[in-house]
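There's a structure below that I have some questions on.
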Amino acid sequence: MPSTTQTTVQSIDSIDSIPTTIKRRQNDKTKTPKTKPVSKIPICPKNSSIPRLDQPSQHKFILLQSLLPITVHQLTTLVLSISRYDDYVHPFLLRLCVIIGYGYAFRFLLRREGLAIRTLGKKLGYLDGDHHPRDKVPRDSTRLNWSLPLTVGSRTVMCVLVAYDPSQQPINYLASLKWWAWLAVYLSLYPIILDFYYYCVHRAWHEVPCLWRFHRRHHTIKRPSILFTAYADSEQELFDIVGTPLLTFFTLKALHLPMDFYTWWICIQYIAYTEVMGHSGLRIYTTPPISCSWLLQRFGVELVIEDHDLHHRQGYRQARNYGKQTRIWDRLFGTCADRIETNPVNIQKGRRVMMHSINIPSLGN
């Protein structure tokens, strides 16, 4: 038998004979992996101060991105020297191109808003954060994967098929001061009328027992985030995505206030922005960017993020705050809930956050 000394020498010789590349791999395995620093989300007591999100900066954020596809649309017609589209392109192909272009722009706006909200959340925290974090994505999350494409695609197709007129170029509207004045009017009328239809059906889902099954999935989330904005049963998705916009469009038409394609497109972007912001749970005081927001605040019927957040935390029959754009109908029908964190005592009037000043990461991050 070889001695212990000989065995040790052989072991040392065998180690020395290992190629340097293998040694490096072994050394790399022993090294502790580098971990990225985790940014802690601030947890704020419910009685601590809360900042305001500037209203004009939200209009700037939405309008600039809403006008982007309209501008590209107009430039395309100028480059191709097309005065009347029907003479050059088949109407079906033309509408298909419009759907693709505006659909991509819709998705771009929502993703940028989502990134801005995520950035704000890391700095300011979330509502009810001292009690419970935001709910995580459930295991059965397949609906979340196609909820955004479904919303974007359905509303864009609806808008193009119902209101798009190929014979009218965007410049025919954008160059008119009257059109801009009416746009400001529609940015008040459209969300208020839409909110009436949503309030009625939403309240019925809660108070009529046989209708609750169409709304149950959306309420499995008690502390929502932007991912759960369109997380719902198929019946609710159909009503939210195309039902209320169509009812509002034809109501305005019946009132002799018809909307052109570009006005409706911009109004839809405003509605989608408010829907996402309302499910964000951000610990910030802000109202939906409605052109008459100052008037709603004067009468105490403005909506804030906490209103819908409290609605999700309440039970099946105990829920209140059914509105999603304003508090007009909740106030009229006595279904308002008291605010906890965004009460006037906590609001910091001197501390404002601007949407355009948020350092939004690139879409690839």
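Note: Cβ is positioned from N, Cα and C throughout, glycine not excepted.
Keep in mind that this is a model prediction, so the values were computed, not measured.
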Suppose you had to name the range Swiss-Prot annotates as transmembrane segment; which of 62-82, 251-271 would you pick?
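Per Swiss-Prot, the stretch marked transmembrane segment is 62-82.
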According to Swiss-Prot, which residue among Asn47, Asn145 is annotated as N-linked glycosylation site?
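Record annotation (Swiss-Prot, N-linked glycosylation site): Asn47.
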According to DSSP, how is the domain 'Fatty acid hydroxylase' (189-335) divided among helix, strand and coil residues?
91 helix, 2 strand, 54 coil
State the residues, same chain only, that lie 6 or more residues beyond the ends of the transmembrane segment (89-109) and have a CB under 8 A from a CB inside it; answer 'none' if no residue qualifies.
62, 65-66, 68-69, 72-73, 82, 148-149, 152-153, 155-157, 159-161, 164, 166, 265, 268-269, 272-273, 363
Mean pLDDT for the domain 'Fatty acid hydroxylase' (189-335), as a whole number?
94
Who sits close to Asn47 (N-linked glycosylation site): which same-chain residues at least 6 apart have their Cβ under 8 Å from its Cβ?
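When sequence neighbours closer than 6 are ignored, Asn47 (N-linked glycosylation site) has Val345, Asn346 within Cβ distance under 8 Å.
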